[in-house]
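Undergrad: Please read through the structure below; I'll follow up with questions.
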Ligand SMILES: O=c1ccn([C@H]2C[C@H](O)[C@@H](COP(=O)(O)OP(=O)(O)OP(=O)(O)O)O2)c(=O)[nH]1
Ligand SMILES: [Mg+2]
């Protein structure tokens, strides 16, 4: 059973006329975010842009939102979220923006209202750090970065 929480959303003038983010299928984890650009925006190969969504949200404390790439844009065009997953903090009240990068070979044109990324709301666990001189031993130990083979 999927949990549901209520999240207040405020629309800025440049998002007028655009659909709100929505889950595209019955059990989708992410709601697609749309580009609130006034005019088409071209990302040259290797280029990046801070793309506005025209939306501000108020997540309840104890939750975050992750801005993740859409796999179709990544697979077909090499367009992805540069800081993936972007983190929207529960106390952030600014505009949600998407840092898109074009890792493909062709220019990528972002149209107004195009679905450019997806936002996943997730619970947050905060850690209380306890400083110590020794950590418990494990089979892995300090092995990492390919220590188990390719
Ligand atoms: O993809 C993103 C990532 C972040 N943000 C907003 C919401 C987030 O709460 C705030 C700060 O993000 P983050 O902590 O990742 O950035 P920072 O560089 O550490 O900035 P700050 O010093 O403001 O925390 O920016 C976005 O709109 N989109
Ligand atoms: Mg920060």
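Placement of Cβ uses the backbone N, Cα and C atoms for every residue, glycine included.
Marked as substrate binding site by TrEMBL: 70, 71, 72, 83, 87, 88, 89. Residues annotated as domain 'dUTPase-like' in TrEMBL: 19-149.
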Undergrad: For the substrate site made of 70, 71, 72, 83, 87, 88, 89, how many Å separate the two farthest Cα atoms?
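TA: So the maximum pairwise Cα distance among the substrate binders is 26 Å.
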Undergrad: Taking each of the binding-site residues 70, 89 in turn and counting other Cβ atoms within 10 Å of its Cβ, which one has the fewest?
TA: 89
Undergrad: Any idea what DSSP makes of residue 71 (substrate binding site), helix, strand or coil?
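TA: Once the DSSP labels are grouped into three classes, residue 71 (substrate binding site) ends up as helix.
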Undergrad: Summarise the model's confidence over the domain 'dUTPase-like' (19-149) as a mean pLDDT value.
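TA: For the domain 'dUTPase-like' (19-149), the model's average pLDDT rounds to 98.
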Undergrad: Of 71, 72, 89, which binding-site residues come close to ligand 1, meaning Cβ under 6 Å from one of its atoms?
TA: 89
Undergrad: Compile a sequence-ordered list of residues in the same chain as residue 88 (substrate binding site), six or more apart from it, whose Cβ lies below 8 A from its Cβ; state 'none' when nothing qualifies.
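TA: Spatial neighbours, sequence-distant, of residue 88 (substrate binding site): 57, 59, 64, 65, 66, 67, 96, 119.
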Undergrad: Please state whether DSSP places residue 87 (substrate binding site) in a helix, a strand or coil.
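TA: Where residue 87 (substrate binding site) sits, the three-state DSSP reduction gives strand.
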